[in-house]
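Asker: Dropping the structure in here first, questions after.
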Amino acid sequence: MEKLTLSPISRIDGEINLPGSKSLSNRALLLAALAKGTTQVTNLLDSDDIRYMLNALKALGVNYQLSDDKTVCVVEGIGGAFQWQNGLSLFLGNAGTAMRPLAAALCLKGDTESEVILTGEPRMKERPIKHLVDALRQTGANIQYLENEGYPPLAIRNQGIFGGKVQIDGSISSQFLTALLMAAPLGEGDMEIEILGELVSKPYIDITLAMMKDFGINVEHYNYQRFLIKGKQYYISPQTYLVEGDASSASYFLAAAAIKGKVKVTGIGRNSIQGDRLFADVLAQMGAKVTWGEDFIQVEKSELKGIDMDMNHIPDAAMTIAITALFAQGETVIRNIYNWRVKETDRLTAIATELRKLGAEVEEGEDFIRIQPLALDKFKHAEIATYNDHRIAMCFSLIALSDTSVTILDPACTAKTFPTYFSEFEKISKNQ
């Protein structure tokens with residue numbers, strides 16, 4: 001297995017131009033494909049998850065032109081439901097941002113009835129999709145499980161979704177609601193969605209609603225508990241769509257600065273539609289100096305103190321706080337993060353396990369993690385298992401800000417969202 005050893009870094013300094021956001025990139029491609037008109041999507045992320053979406057769209061008959069550097073895609077919209085030859089199978093890797101929205105969109109009524117199979121890597125077959133399938137079936141969708149009940153692979157027939165009242169569980173993942181919301185306007189009737197339980201990761205729903213609006217569709221909602229969507233509508237291309245920089249990816253550079261230097265990230269700012277921009281506010285609460293601009297966030301180090309906080313609204317960026325906690329004064333508790341357990345891997349167990357290898361004192365609860373700080377000279381060298389999870393690899397790069405080196409196993413797993421992460425991290429790492 002490939003491994004990468006990072007030597008201790010004495011300070012962090014520089015500017016990072018962020019790659020496009022994964023969740024915005026795949027939403028933009030799908031909306032552009034379903035829309036009337038041609039859309040030029042710019043600052044598209046070039047990564048594995050985006051390639052799975054692009055390959056699926058091509059197989060579904062969508063024409064697009066991708067620039068040589070893969071960051072600009074001109075998509076010719078089909079102006080409605082997908083059409084395909086019966087018996088199509090789409091392999092989506094471990095891309096939740098492709099699997100969930102496509103599962104809903106492929107239920108829309110086609111001109112001729114066809115079946116499609118959605119499948120992926122072994123880990124994808126362990127990632128729950130039951131809440132979405134249950135909701136789609138309430139609207140009349142025809143979906144079957146091919147292996148284990150509640151998990152991909154799925155067989156879907158394009159017999160239509162017919163609106164009406166739908167209940168969906170919001171407690172595990174906001175991607176299920178996102179998928180339903182994006183498909184609903186093209187359905188055969190008006191839909192009223194009621195959320196069961198507490199909706200997790202609300203800011204990701206804000207992203208979905210903002211993007212649907214950019215493509216001409218308005219959704220009414222009542223305090224994130226009920227959503228009303230008119231059926232028989234069309235998405236209209238905005239002609240161009242700029243994908244914001246990835247706020248989750250910004251978290252590693254901003255945290256590095258809070259621990260040991262100063263960094264400016266460009267591509268997101270105070271008006272970003274991504275909830276993970278709020279990560280910078282968490283760093284500020286821990287004591288870091290944060291400056292906001294229209295299209296940048298700058299963080300400068302200061303003495304950090306531990307925090308006790310509900311981070312349900314920023315689950316991806318919260319992982320970075322788990323590492324930052326080692327460098328703070330006093331314990332840190334990250335709460336209400338059960339959905340870490342259904343991501344690329346069970347992130348709660350994975351992070352607790354790898355932190356302990358470094359010598360950290362960690363308590364792992366069902367939906368929280370409690371972390372005690374470590375003195376810079378008390379970190380143990382460790383080989384960090386990454387569980388084929390891009391965010392674990394990027395998080396643990398920050399351990400090099402201690403007095404000891406760290407070895408990251410399978411560093412190439414960052415290709416899911418940020419193939420050039422380690423070279424960008426190296427650019428801001430100073431050793432004099």
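Even glycines carry a Cβ here, placed using N, Cα and C.
Keep in mind that what you see is a predicted model, and the values were worked out from it rather than measured.
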Asker: According to Swiss-Prot, Lys22, Gly96, Arg127, Gln175, Arg391, Lys416 bind phosphoenolpyruvate; identify which of Arg226, Arg341, Arg347, Arg356 is listed for that same site.
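Answerer: Candidate listed by Swiss-Prot for the same site: Arg347.
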Asker: What does DSSP say about Asn339 (3-phosphoshikimate binding site): helix, strand or coil?
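Answerer: DSSP call for Asn339 (3-phosphoshikimate binding site): helix.
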Asker: Identify, in sequence order, the residues in the chain of Arg27 (3-phosphoshikimate binding site) that are 6 or more apart from it along the sequence and have a CB within less than 8 Å of its CB; answer 'none' if there are none.
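Answerer: Looking at Cβ-Cβ distances below 8 Å from Arg27 (3-phosphoshikimate binding site), excluding near sequence neighbours, one finds Thr97, Pro101, Thr178, Met182, Ile207, Thr208, Met211.
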Asker: According to DSSP, which kind of secondary structure is Gln175 (phosphoenolpyruvate binding site) found in, if we only use helix, strand and coil?
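Answerer: For Gln175 (phosphoenolpyruvate binding site) - judged by DSSP and reduced to three states - the answer is helix.
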Asker: How far is it from Arg347 (phosphoenolpyruvate binding site) to Asn339 (3-phosphoshikimate binding site), counting Cα to Cα, in Å?
Answerer: 9
Asker: Which chain-mates of Ser174 (3-phosphoshikimate binding site) that are at least 6 residues away have a CB under 8 A from its CB, listed by sequence?
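Answerer: In sequence order, the residues whose Cβ lies under 8 Å from that of Ser174 (3-phosphoshikimate binding site) (at least 6 apart) are Leu199, Val200, Ser201, Lys202, Tyr204, Ile205.
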Asker: On a simple 10 Å Cβ count over all chains shown, which one of the binding-site residues Lys22, Arg127, Arg347, Arg391 is most densely packed?
Answerer: Arg391
Asker: Roughly how many Å lie between the Cα atoms of Arg391 (phosphoenolpyruvate binding site) and Asp316 (active site, proton acceptor), rounded to a whole value?
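Answerer: So the Cα of Asp316 (active site, proton acceptor) lies 8 Å away from that of Arg391 (phosphoenolpyruvate binding site).
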